[in-house]
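Colleague: Provided herewith is a single structure, encoded as structure tokens, for subsequent inquiry.
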Amino acid sequence: MMKRMNGMETNNFGGEDDDDYSGFNDYNAMLDTEDLVHDETFQKAVLRTSHGRRPVTQAKMALGGGPGTQGRLTTAARGRLAMPSSMGHPGGLQDGQARPMTAVRAAGFTSAGNRIGSGFDPFNQAGKGPAPPLEAKPEDSPEEKIRHLEKKVNELIEESCLANSRGELQLALDKAKEAGRKERVLVRQREQLSKGDQINLDLTYSVLFNLANQYVANEMYHEAINTYQVIVKNRMFSNAGRLKVNMGNIYFKQRNFQKAVKFYRMALDQVPNTHKEMRTKIMQNIGITFVKLGQYNDAITSFEHIMSESPNFKTGFNLILCYFALGDREKMRDGFAKLLTVDLKIDDEDKYLSHGDDKQYNLVLEVIKNDSLRQIERERKYEAERCIKYAAKIISPAIESSFSDGYDWCIEMVKNSQYIDLAHDLEIDKAIMFLKQKDFAQAIETLKSFEKKDSKVASTAATNLSFLYFLEADYAQADKYAEVAMAADRYNPSALVNKGNVLYAKQDHEKAREFFKEALSNDSSCIEALYNLGLCNKRLSRLEEAIDCFYKLHAILRNSPQVMYQIADTYEQLEDSAQATEWFMQLIGVVSSDPSVLARMGELYDNEGDKSQAFQYYFDSYRHFPSNIPVIEWLGAYYIDSQFCEKAIHYFERASIVQPNQVKWHLMIASCYRRSGNYQKALETYKQIHRKFSDNVECLKFLVRLCTDLGLNDAQEYATKLKKAEKNKELREQRATSAGRRGSGRARRESSAGSDLDREGSAGAQGKVSKKQRVRTKLDDVDRGPYQLSQPQEIDASYSDPLGPQAERPKTAARRKGPHDDEFGDEELGEDLLPE
């Protein structure tokens, strides 16, 4: 509180209050200083002091006084006068309100700083809290709205691009359209603020360009063309003419090649010569479009210009294709030679070789040997090799009189170029081309020429030779070249697989298994070795190990039918019908029309006793492959068991078409007719069988019985033929038996006269004869069936149905009543029933 006594002033700070401005709202009427400005005596006293001689300040001028009217007015008036920092606040201070912050306090100074020895630190304001934030600009201002809207448009463009990269094309298009709508609102707001000259052209260009790209991604080509037209026609956009390339690409996709060429040329005219790479790509598009139009001369002009300015492999390959289409041999030669001169622009690959003792360099090599730059170099090298190989395959039959001479010319050109490493690959390709042309002799001769080459090429050639001989079943030569391939490169998995295949074909499954395991140890991704190892384990009855192999292979080849079939078949051998059924079901999901798999499923359900499911799968198998005899036989037997003999006839007729010389199917057809009650049709069928198989005893028996039952006169004729047929059959059996006895007797004589080795050989011969005899006896039993008589001289018309005994009819009475049997004959009559 400021006090004035006898023209002097003192500062009185009461108590321990640290508030710098406490007490300013307390006003004492005795200290009214308003009249001091007009007190001449006081003013003169002030002028004689040092304070009165100070220069006039802005604060004094604000109070309206001069040098003589100041003194302590500024301090005394603090309680009522508004300071510059509070000018923006309307109205005066009210009771209970805190006084607004002044510039003095904001600078960190207080009245306590005038104390001597107070230790005041203006940079240490601990305990007073942070300064309040500056007053923000109002968010509803037009400039702030425009700035916020621009930010929102940019965010929508980014979200649209990200959605496109994720494959969400419709979402990307929706975001692009929304960005376009907000950008138009932004333009209107700028025009309302009379800031049309401040339009953000870059933002407008980005919105339209992104929208056009999203239209193209969604195949809305008409809308994309219109959007590009808006950009191109606006002269305010610099370099917008280059977008005509994009418009040309759209017309190319629409196969409107004339307009595509037009827009490509317009874009080429607007690209300066300094942008050589862009001009090259546009000219390449023009050349490809001319190829689509069939204008090969115009395409050649574009490609030749590119090859003279900035040669690359794709353009060179396209140029060779154009020469080939025109049939120009010399140009094809020149084009192939020019293709070999293209520089890959790849640094020396020696930098990827390890240095023996340089650990630091080896660590760096581990980092760079498979980085992105290394991958780009590999892609370039692969593209170059692919273009050269394809070009050689295409032009080799056209540049010379024969394919072989043309390929030899290409190989010589490659040997004299920087791509000399490709020469051996081209020779291997030459042998493969011979294989495709079915010229196996030339293929083998070409591959044999590599025997004295370096190890890698020799191993590749020997591997192919081994495979060729294996396909020809020449296992000796296949084994020889498999050994050659392994000698050239012991770690060649293909050579080891070929060696294992030869041993597998020779039934040496144990050794084959070792070679397959070695191939897998050298290359764990060799699917051929893994599959063959599973087959070997199955043959060796190591079913659990086979399951492991096939499961590993299934993880690599997820939907391979062969692998899934092997897993299912192995589970069936393990008698795990549930797992076998599940895997066969998965296999049917992959190959739903495989008749053998469907038949296996029917067999599984049949073994489980589920006839309805078995019938469904057998019927599907028959539908896809109606010539499978086991399936036909099962379906016929199913209908016979179900007492639908008429339906079984259809399947046995199909079997008789597939095996017309098998009498069994004809007999079954006739038996089905007889079971269904159609005796006349059955008799006709038996007669047809007799005409085709005149010596068949079973057919004659059926004819005798049917003719007898129907009372026909042909019964005696067929009985005579039956007697003759049975005699002939007996003679055949006797001759077969006597021949077997003579063979066995000869074998015994040779065994008694020879050495121990001869004994073993004669025993083997006897075993073979006895086996043949057993097979012949079995066949005779099939021919004879259950119809052979013990005494063929007597005619017996009895027969047995080849379809088995007919279902027994249920009994309805114990016996048949006679015509004279009385209904009450076996009962005693009571007296009440007697007549009176």
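A Cβ is built for glycine as well, from the same backbone N, Cα and C atoms used for every other residue.
In case it's useful when we look at the structure, here is the feature table from TrEMBL:
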type     : residues : note
COMPBIAS : 726-735  : compositional bias 'Basic and acidic residues'
COMPBIAS : 747-761  : compositional bias 'Basic and acidic residues'
COMPBIAS : 823-836  : compositional bias 'Acidic residues'
REGION   : 115-142  : region 'Disordered'
REGION   : 726-836  : region 'Disordered'
REPEAT   : 241-274  : repeat 'TPR'
REPEAT   : 280-313  : repeat 'TPR'
REPEAT   : 493-526  : repeat 'TPR'
REPEAT   : 595-628  : repeat 'TPR'
Colleague: Using DSSP, what's the helix, strand and coil tally for the compositional bias 'Basic and acidic residues' (726-735)?
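Modeller: So the compositional bias 'Basic and acidic residues' (726-735) is made up of 10 helix, 0 strand, 0 coil.
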Colleague: In the same chain, which residue numbers or ranges, 6 or more beyond the ends of the repeat 'TPR' (280-313), come under 8 angstroms Cβ to Cβ?
Modeller: 245, 248-249, 252, 255, 257-258, 260-261, 264-265, 267-268, 271, 319, 321-323, 325-326, 338-339, 341-343, 383-384, 387-388
Colleague: Can you work out the mean pLDDT of the predicted model over the repeat 'TPR' (595-628)?
Modeller: 92
Colleague: Helix, strand, coil residue numbers for the repeat 'TPR' (280-313) per DSSP?
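Modeller: The breakdown for the repeat 'TPR' (280-313) reads 29 helix, 0 strand, 5 coil.
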